[in-house]
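Here is what Swiss-Prot records for this protein:
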- 14-34: transmembrane segment (TRANSMEM)
- 40-60: transmembrane segment (TRANSMEM)
- 89-109: transmembrane segment (TRANSMEM)
- 121-141: transmembrane segment (TRANSMEM)
- 153-173: transmembrane segment (TRANSMEM)
- 196-216: transmembrane segment (TRANSMEM)
- 227-247: transmembrane segment (TRANSMEM)
- 257-277: transmembrane segment (TRANSMEM)
Amino acid sequence: MNVWQAAVLGIVQGTTEFLPISSSAHLIVLPWLFDWPEPGLAFNVALHLGTLSAVLAYFWRDLIQIGRAWFAGLIRLRPLEDSASRLGWAVIIGSLPAGLAGFFLNDVIDHFFHSGGGGDTAIVFTSLLLIVLGFVLWLAERYGTRWRSLGELGLRDGLVVGLAQALALLPGVSRSGSTITASLFLGFARPAAARFSFILGIPAIAGAGLLETLKLVETGLPAEQRVLFVTGVASAAITGFLAIAFLLRFLQRYSTSIFIVYRIALGLVLLLVVSFAR
């Protein structure tokens, strides 16, 4: 992989991680389409570090408020009285499903989708998931009431959205897409759904990055990959921050229809490409 490819993949990761169109699907499809080399462990760590930096930089004030309220609730023995404290508990509970699923299934999914084990079949599955979850998001847009605010978030909501987040281990589902979809079904307004999706994603992104980092510590970072590492971190962080800002503002006025159309169109195009490639 060269620096240009690293920058492109970093931009793709940063943009698609926070838009409901599946970052993992794009990171699988791009190297497959253009016959690029496998990014490798070190670069995967760079991408996770970049997107984690983006979401922490954007929501640092929210995180401080949530942390203060959470600890204050524990001290007063009223952990669910304050909405910010409830949000903190919802993030904790909502992070458990993805954590457990990742612990038990990550290696199997990684081998099939990311390490070439699934071949063209993995692309077909990814394409189908892009399409299916696009239709599910359309159903959420159509039937969700969209009146609830983030202050009304409860622990049950956190668990339901967390279960949806666990599905995003499968490329094509989209972590932000699945969590925003679940939140819309629960009646949350679009901006609130996106905001909770991003905050809930912090432990998931950090956990995935930590697992990859532990593996990298064992192997070490080769000197020739250091420039690629920095390029991946920087490009993913900058575009990730911009993607968060864009989507939160976009959803104040518009629906997710453009992303639904994109998901379905991309899935269909990929199915056609695979069919002709065989």
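Heads up, the Cβ atoms here are built off N, Cα and C, so glycines get one too.
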Stretch contact, the transmembrane segment (40-60) with the transmembrane segment (89-109), Cβ-Cβ under 8 Å, 3+ pairs: no
For the transmembrane segment (89-109), distant same-chain residues with Cβ under 8 A (at least six beyond the ends): 66, 70, 79-80, 153-155, 157-159, 161-163, 165-166, 168-170, 196, 199-200, 202-204, 207-208, 211
Contact between the transmembrane segment (227-247) and the transmembrane segment (121-141) (3 or more Cβ pairs under 8 Å, separation 6+): no
Residues from the same chain, set at least six apart from the ends of the transmembrane segment (121-141), whose C-beta lies under 8 A from its own: 20-22, 25, 28-29, 32, 112-113, 170-174, 177-178, 180-182, 184-185, 255-257, 259-261, 263-264, 266-268, 270-271, 274
Range from 14-34, 153-173, 196-216 with the greatest count of C-beta pairs under 8 A to the transmembrane segment (257-277): 14-34
Folded-back contacts onto the transmembrane segment (153-173), same chain, C-beta under 8 angstroms, at least six residues removed: 22, 24-25, 27-28, 80, 83, 86-87, 89-98, 100-102, 105-106, 109, 113-114, 122, 125-130, 133, 179, 181-183, 186, 188, 192, 196-197, 200-201, 204, 267
Beyond the flanks of the transmembrane segment (196-216) by 6 or more, those residues with Cβ under 8 Å of it: 17-18, 41-42, 44-45, 48-49, 51-52, 55-56, 58-59, 62-63, 66, 87, 90-92, 94-95, 98-99, 102, 106, 150, 153, 158, 161-162, 165, 175-176, 179-180, 183, 188, 244
